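The structure under discussion appears below in the form of structure tokens.
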């Protein structure tokens, strides 16, 4: 009961003002204390993000997902190692995904 009351008081005293509030708790003398901790300001529209890979609060990949975007990212997962991410042009060589990043690294065998 005290926790609920303290949360209500904290939210009333520290209303949402464009930044995210995390409620932390600690046990002091067997009384549960709850206090707000201000965290990073969210970009405009982050809470309404419709990107299927993006956690709208953290703007990072959702739990269980690898990536949000990039040439080696598809459906929130890294593409398999050896997948062509940049086709060769002229005398150039193809670039391939590593399977551990959404970036497309330059082929190390290029001159």
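A Cβ is built for glycine as well, from the same backbone N, Cα and C atoms used for every other residue.
Sequence annotations record features per position, and here Swiss-Prot assigns signal peptide to 1-20.
Here Swiss-Prot flags 47-111 as domain 'Disintegrin'. Mean pLDDT across the domain 'Disintegrin' (47-111) comes to 85 in this model.
According to Swiss-Prot, the feature disulfide bond maps to 53-76 (among others). Annotation for residue 53 (disulfide bond): spatial neighbours 61, 62, 65, 67, 68, 69, 73, 75, 76, criterion Cβ-Cβ under 8 Å with sequence separation of six or more.
DSSP assigns residue 67 (disulfide bond) to coil in the three-state reduction, placing it in neither a helix nor a strand. Annotation comment: Swiss-Prot describes 67-73 (among others) as disulfide bond.
Under DSSP, residue 97 (disulfide bond) is assigned to coil, being neither helix nor strand in the three-state scheme. The feature disulfide bond is assigned by Swiss-Prot to 72-97 (among others).
When Cβ atoms from all protein chains are considered, those within 10 Å of residue 104 (disulfide bond) total 19, not counting its own. Under the heading disulfide bond, Swiss-Prot lists 85-104 (among others), citing sequence analysis as support.
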